[in-house]
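See structure below.
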Amino acid sequence: MAGNRSNDIKVHCSFCGKSQDEVKKIIAGNNVFICNECVALSQEIIKEELAEEVLADLTEVPKPKELLEILNQYVIGQERAKRALSVAVYNHYKRISFTESRDDDDVDLQKSNILMIGPTGSGKTFLAQTLAKSLNVPFAIADATSLTEAGYVGEDVENILLKLIQAADYNVERAERGIIYVDEIDKIAKKGENVSITRDVSGEGVQQALLKIIEGTVASVPPQGGRKHPNQEMVQIDTKNILFIVGGAFDGIEEIVKQRLGEKIIGFGQNSRKIDDNASYMQEIIAEDIQKFGLIPEFIGRLPVVAALEQLNTEDLIRILTEPRNALVKQYQALLSYDGVELEFEKGALEAIAGRAIERKTGARGLRSIIEETMLDIMFEVPSQEEVIKVRITKEAVEGQSKPILEIA
């Protein structure tokens with residue numbers, strides 16, 4: 001409420017002492033008044049303190065072993081990938097702390113962004129999310145297939161940065177230390193090495209556009225999203241300290257690796273190694289293979305850390321269902337416990353759920369939908385059946401051959 005401009009009473013700001021005639025606006029509270037100038041000053045102070053808190057947080061980044069322990073609580077398997085990510089993330093934030101305090105003649109540490117290669121449902125997105133959460137930094141996810149280079153219909157690359165700014169509650173300083181995960185990066189690969197001379201709206205052009213923000217630039221972002229327009233107000237964000245993690249399935253890249261290794265074996269004749277499965281080939285990927293798949297050399301050069309994830313097997317999926325702190329089985333047990341009902345999944349049921357996920361080629365991503373299909377009728381009926389004290393999910397229930405077993409008090 002604005003101050004009363006009576007001829008008899010002149011209101012003054014309780015903080016700076018200026019009268020209502022000396023400022024644009026005075027806001028009244030319970031026997032307290034504050035002017036617009038003091039409000040603006042308060043905002044600046046809060047902004048500076050938040051920025052200092054961000055910098056302070058960076059000095060307390062968990063060591064690689066500590067990061068690995070955090071990942072192990074939530075992510076099953078993928079040991080090599082978790083180690084690579086733990087080291088890369090630690091070095092990234094250590095680099096930021098070093099840069100903030102460095103002298104001009106100190107070594108210039110370059111940013112090491114990350115490329116994750118692995119099949120659908122192997123945990124790429126979840127790994128990135130877990131890292132960001134453990135570090136308490138803003139996190140944003142983007143889909144590379146929705147992006148186009150400037151001037152074409154689609155989503156501008158800069159809109160990725162807007163998502164990060166929004167995740168940081170529009171605190172730009174905090175966003176500038178965040179993590180961005182770009183999924184489906186393999187879908188914007190050039191189709192073959194002999195690229196058409198026609199305009200490539202969603203392939204190489206997007207790689208070039210992403211390259212600019214990944215390597216570090218001051219980008220102008222429309223605060224409301226959408227396309228840029230002349231005279232539009234922009235938010236400036238420096239991307240040099242944003243960690244970019246890009247991921248994709250890269251279906252077929254193992255064939256490129258096989259071909260390269262096969263040529264070397266023929267060429268040298270000796271010391272040949274037999275690699276028996278595609279998972280082993282994935283661990284042999286080098287920049288040359290990724291370039292042959294269709295990513296441009298400049299883009300690959302900005303992604304020096306490559307983490308290959310393996311296809312999850314039945315045992316991995318069962319462990320994912322039961323072991324992590326936020327395991328799906330634990331979540332559904334908690335849901336039914338609120339109704340006073342115990343929930344048990346038999347071993348055969350867990351194997352059947354994992355088997356279905358493998359059949360559908362959805363990996364860990366498809367586990368929840370399979371449980372939802374199995375549990376739908378139970379979650380609908382049981383809350384109204386006060387006599388039910390326990391529900392047992394069997395293999396037959398998962399396969400749709402029978403209903404779950406109910407135990408009555």
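Heads up, the Cβ atoms here are built off N, Cα and C, so glycines get one too.
When pLDDT values are averaged over the domain 'ClpX-type ZB' (1-54), the model yields 77. The domain 'ClpX-type ZB' annotation in Swiss-Prot covers 1-54.
In the three-state DSSP classification, CYS16 (Zn(2+) binding site) falls within coil. The feature Zn(2+) binding site is assigned by Swiss-Prot to CYS13, CYS16, CYS35, CYS38.
In the structure as shown, the Cβ atom of GLY121 (ATP binding site) sits within 10 Å of 24 other Cβ atoms. Residues or ranges marked as ATP binding site in Swiss-Prot (evidence: sequence analysis): PRO119, THR120, GLY121, SER122, GLY123, LYS124, THR125, PHE126.
Within 8 Å of the centroid of the Cβ atoms of CYS13, CYS16, CYS35, CYS38, where the record puts Zn(2+), the same chain has further Cβ atoms from SER14, PHE15, GLY17, LYS18, VAL23, ILE26, PHE33, ILE34, ASN36, GLU37, VAL39. Taking Cβ-Cβ distances under 8 Å and a sequence gap of 6 or more within the same chain, the neighbours of CYS16 (Zn(2+) binding site) are CYS35, GLU37, CYS38.
Under 8 Å, Cβ to Cβ, and six or more positions away along its own chain, CYS13 (Zn(2+) binding site) finds SER19, VAL23, ILE26, PHE33, ILE34, CYS35, GLU37, CYS38. For the binding-site residues listed here (PRO119, GLY123), the lowest count of other CB atoms within 10 A around the CB belongs to PRO119.
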